[in-house]
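**Student:** Quick one: this structure, given as structure tokens, is what I'll be asking you about.
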Amino acid sequence: MIYLHAIDPIAFSLGPVKVHWYGLMYLASFGAAWCLGRQRIQAGRLLGVNMDGFSDLLFYAMMGVVLGGRVGYMLFYAFHDFLQEPLLLFRVWEGGMSFHGGLIGVLLAVAWWSRRHRLQMFDVLDFGAPLVPVGLGFGRLGNFIGGELWGKLTHNGWGVIFPRAPLSDVPAGQLAMQDVMNFVQIQEHYAAGLLGHYARHPSQLYEAFLEGLVMFIVLWLFSRKPRPRYAVSGLFALLYGVFRFLVEFVRMPDNGVYVAFGWLTRGQILSLPLIVIGLFLFWLSCRSPVLQPVPAPEVAK
């Protein structure tokens, strides 16, 4: 059954402050990461680090996600707008975060933290990789609730009508449904069955399922047994790269523009290196010893 998206992106208001569901998804992501990370610390999955050390690591990773995600969005998807108005970087309430930018931010944060604590960077990445899909899943749910990053038009029975989406898949300059009808009119047309040809793939939910649920289950189960260095990180990079590349085929390209060949998106280009890196890390893991878990110390490094 085709569904009309009518979810208010604002969860609640505190006086003049409006709290968006997307922001709550970030809080849920970090809360889940802390709980799951606690289990892995107690199981000795990060040599020489206790909960105090992990809390420190999570804080810097959070900073990497937020700062890297915002800067990455400006560089990868809105560079022209950023050059015209650099202060856009700080207007985070208008939306705009990039996974690939957030990943770079986390890598920089982990590299700094690992050096500071005299740990091997990939041991830290292997420890943290199973925690990331939960955040990805919550983030994509936030995208869906906010009615953004929609998919292409579809005739499938599970399509979703997004009032903010363009009326066609023709790149750039298209009016959105809410630009030509108010929401009451949209509801009336929907009830009369007149909007079915505007239904779109709920690509946010596809990504929440693949990048969130599926990746979490696979990585969590894979990492429960001792693995060689690089193996868990390699599996994360490979799975994310493949899943993101595939979902991009049913997701509208950023700014409605394909980068090449009339079908290749910027998201696919940014995901290809992850696939290559994942395979390379797997190759390295085959040449590395299996790391045995060590109980967490009472005092962190």
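Including glycine, each Cβ sits where the backbone N, Cα and C put it.
Computed from a predicted structure; not experimentally measured.
According to Swiss-Prot, the record shows the following:
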- 10-30: transmembrane segment (TRANSMEM)
- 57-77: transmembrane segment (TRANSMEM)
- 92-112: transmembrane segment (TRANSMEM)
- 119-139: transmembrane segment (TRANSMEM)
- 202-222: transmembrane segment (TRANSMEM)
- 230-250: transmembrane segment (TRANSMEM)
- 264-284: transmembrane segment (TRANSMEM)
**Student:** What same-chain residues lie close to the transmembrane segment (202-222): Cβ under 8 Å, and 6 or more beyond its ends?
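**Tutor:** Long-range Cβ neighbours of the transmembrane segment (202-222): 36, 129-130, 132-134, 136-138, 140-141, 143-144, 148-152, 158-160, 231-232, 235-236, 239-240, 243-244, 246-247, 250-252.
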**Student:** Excluding the flanking five residues on each side, which residues at least 6 beyond the ends of the transmembrane segment (10-30) place their CB within less than 8 Å of a CB in that stretch?
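**Tutor:** Counting only partners 6 or more residues beyond its ends, the transmembrane segment (10-30) has Cβ contacts under 8 Å with 58, 62, 66, 93, 95, 134-135, 138-139, 141-143, 145-146.
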**Student:** Using a Cβ-Cβ cut-off of under 8 Å, list the residues of the same chain that are 6+ residues beyond the ends of the transmembrane segment (230-250) and lie near it.
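**Tutor:** Contacts of the transmembrane segment (230-250) (Cβ under 8 Å, skipping residues fewer than 6 from its ends): 99, 122, 125-127, 129-130, 132-133, 136, 151-152, 154, 201, 203, 206-207, 210-211, 214-215, 218-219, 222-223, 263, 265, 267-268, 271-275, 277-282, 284-285, 288.
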**Student:** Would you mind listing the long-range same-chain contacts of the transmembrane segment (57-77), meaning Cβ under 8 Å and 6+ residues beyond its ends?
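**Tutor:** For the transmembrane segment (57-77), the far contacts come to 26, 30, 33-34, 37, 49, 88-89, 92, 96-110, 112-113, 124, 128, 135, 254-255, 266, 270.
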**Student:** Residues sitting near the transmembrane segment (119-139): Cβ under 8 Å, six or more positions beyond its termini, same chain?
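**Tutor:** Counting only partners 6 or more residues beyond its ends, the transmembrane segment (119-139) has Cβ contacts under 8 Å with 22, 25-26, 28-30, 32-33, 36-37, 40, 45-49, 57, 61, 65, 97, 99, 107, 110-111, 113, 207-209, 211-216, 219-220, 222-223, 227, 229-233, 235-236, 240, 291, 301.
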